[in-house]
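Worksheet for the structure shown next.
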Amino acid sequence: MKGNPGSPDAAKVTPAREAIIRVRGLHTAFGPQVVHDNLNLDVWKGEVLGIVGGSGTGKSVLLRTIVGLIRPVRGEIQVLGTDVINGPESDRRAVEKQWGVAFQDGALFSSLTVLQNVMAPMREHLRLSHGLMKALGELKISLVGLPPLSCGKFPSELSGGMRKRAALARALALDPKIVFLDEPTAGLDPIGAAAYDDLIGELQRSLGLTVFMVTHDLDSLYAICDRVAVLAEKRVLVEGPVDMMATVDHPWVQEYFTGPRARAATAAD
Amino acid sequence: MSTATVSVENIDGGPVLRLGGDLVTEALGAVEQSFARFTTKAPRLTIDLSNLTSLDTGGAWMIADLQARLHDAGVASELVGGSAERTALIETVSRARPHERGVEAPPSGFLPWLAGLGANTVDLFKAIVSLLNFVGLVLHRLAGTLVRPWRLRAISLVSQMQEIGLNAVPIVALMGFLIGIVLAFQGAVQLRQFGAEVFVVDLIAVSVLRELGILLTAIIVAGRSGSAFTASIGSMKVREEIDAMRTLGLDPIEVLVLPRVLALIVMLPILGLIANICALIGGGLMSWAELGISPGMFLTRFVDNTDVWHLGVGMIKAPFFAFIISIVGCWQALQVGGSSESVGQRTTQSVVQSIFLVIVVDAGFSIFFAEVGV
């Protein structure tokens, strides 16, 4: 059964918490191909939400729709209480400063150094002296665990893992309340991925971030995600703590969370 | 709009720095100076956070930076009135604060300038060696293709010929036509003073056939196709498609460079010939309108007085120009680094260098033909 807008199942489970992102009745389509049909989702303030789903179920599309890169056919998305789909442009701009997005391959500006990349959003949105912006940029780079030497390097001179960290530093540049991560650990070695998970967890706790994370990495789900939302059949099939997933009676969810890789991840946890 | 407040007062003989409001990144501009100017002679400072309504990493950095600066001056500081999360945030930021500066300002002065000049000279020399290497490599593959012609990418060759040649016909023809008009007009003004109007035919024929037709065509093609070679192959390089080709056992020279080089060598003489014909037509029409030289008379004088070698001299140069443009375009493409900006830089360089080299070679040919007497 598909939930109707306004009364999602999740709201009944944890009604006391404050929703920082509310998605209601989202319908996204590319021509005749429907990606999301009547999708509802809540992201609670201060949590790490992991979005999982098979390839082509619209995980990245959901992320891109929430941050406004794709326009849905219909539906409502509220971020920090602001309607980002139909609301006025000025409200949208104000909300944009409250989130940071780290794309899958970094999407760093290739003609700028890492430090300039991190400073780019500050230059655009803040009125600070150059020295202070530089100091804050260096702080962000140091916070994500990159050595000071990497400030002056160009993205093409960094390894894949370092690029992801630099992208996170840029996403954190404006001290956002929400961070969107698209497959943050894809393409990293297991040790690097675990270190990146730790980093996200630590930053999330110390900066009080809300993290919206699209991932395929079961280890990440078990290590840092407070909740998991499974996308299937063009909607959020089920959401809840990762431990609950193994009990869900759906073939894909069963396969995903009780398969051999999942058992390894649980054992490691 | 968030605002932060900073105030200092003395309680029990010790200074207390009171922070209030939203000490967040967007509000830092207003309080930056207060923090930077703050000094105290007392051995201890209390920093009171109890009036803060919000704090983020930017604000935490300000506090941590102040604490570190005071610490270096021998002043101990203590945080009071902050919640556990805020104290933890300041602690985290304090630990992450880079102790060494990442980027140093580039040194300036005479010696670094001299060093830069030397480095540029060495780079130029290396670039010339690399270009010559590339010429050798392409000639080697070309020879290999002559021995085994079935390895030539025929479809790619034909498609390049269409793009480079057929699609460039309108612009090249128009350019030639206009050049003919300009030459006839300028020639008419000068030659009329001597009553030697009819020599305008020789003027147009010699200048267009020997030099202008092919040279201007080469310049247009360098701007049109040379840049396209660099941009398209360069983008492939950025996206590691060239590396992918190598791992699949495909030779980028054979797959990408040879079809372009051969297509341009075939098409540039044809485009040059079209430009020549159009320039003669344009010149003829202008002579008719301006000097009253009828098309029949123009043609008769043209056929009688123009040595066929004038055309030969122009056409001989065409394949050389084509080789230069395509080689420089493809070589620059393979020098592209990791960034998309470098594609733009290389494309510009490719056009500038190929036009420059075309003119240098043209000058060389002029001397050569003058020496052999054609």
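The first residue you see is number 1, and the count goes up from there.
Placement of Cβ uses the backbone N, Cα and C atoms for every residue, glycine included.
The following features are taken from TrEMBL:
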| type | residues | note |
| --- | --- | --- |
| DOMAIN | B:4-81 | domain 'STAS' |
| TRANSMEM | B:164-186 | transmembrane segment |
| TRANSMEM | B:198-222 | transmembrane segment |
| TRANSMEM | B:261-288 | transmembrane segment |
| TRANSMEM | B:308-331 | transmembrane segment |
| TRANSMEM | B:351-370 | transmembrane segment |
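Listed as Cβ neighbours of the transmembrane segment (B:164-186) (distance under 8 Å, sequence separation of 6 or more from its ends, same chain) are residues 200, 203-204, 207-208, 212-213, 216-217, 220-221, 224-225, 260, 263-264, 266-267, 270-271, 274-287, 290-291. Here the transmembrane segment (B:261-288) has Cβ contacts under 8 Å with residues 138, 142, 152, 157, 160-161, 164-165, 168-169, 172-181, 183-185, 188, 200-201, 204-205, 208-209, 212-214, 216-218, 221, 225, 294-295, 298-299, 302, 311, 314-315, 318-319, 321-323, 325-327, 330 of the same chain, all six or more residues outside its ends. Residue counts for the domain 'STAS' (B:4-81) under DSSP, helix first, then strand, then coil, are 29 helix, 35 strand, 14 coil.
Proximity of distant same-chain residues to the transmembrane segment (B:351-370), defined by a Cβ-Cβ separation under 8 Å and at least 6 residues beyond the stretch ends, is recorded for 211, 215, 218-219, 222-223, 226-227, 230, 313, 316-317, 320-321, 324-325, 328-329, 332. In the predicted model, residues of the domain 'STAS' (B:4-81) average a pLDDT of 83.
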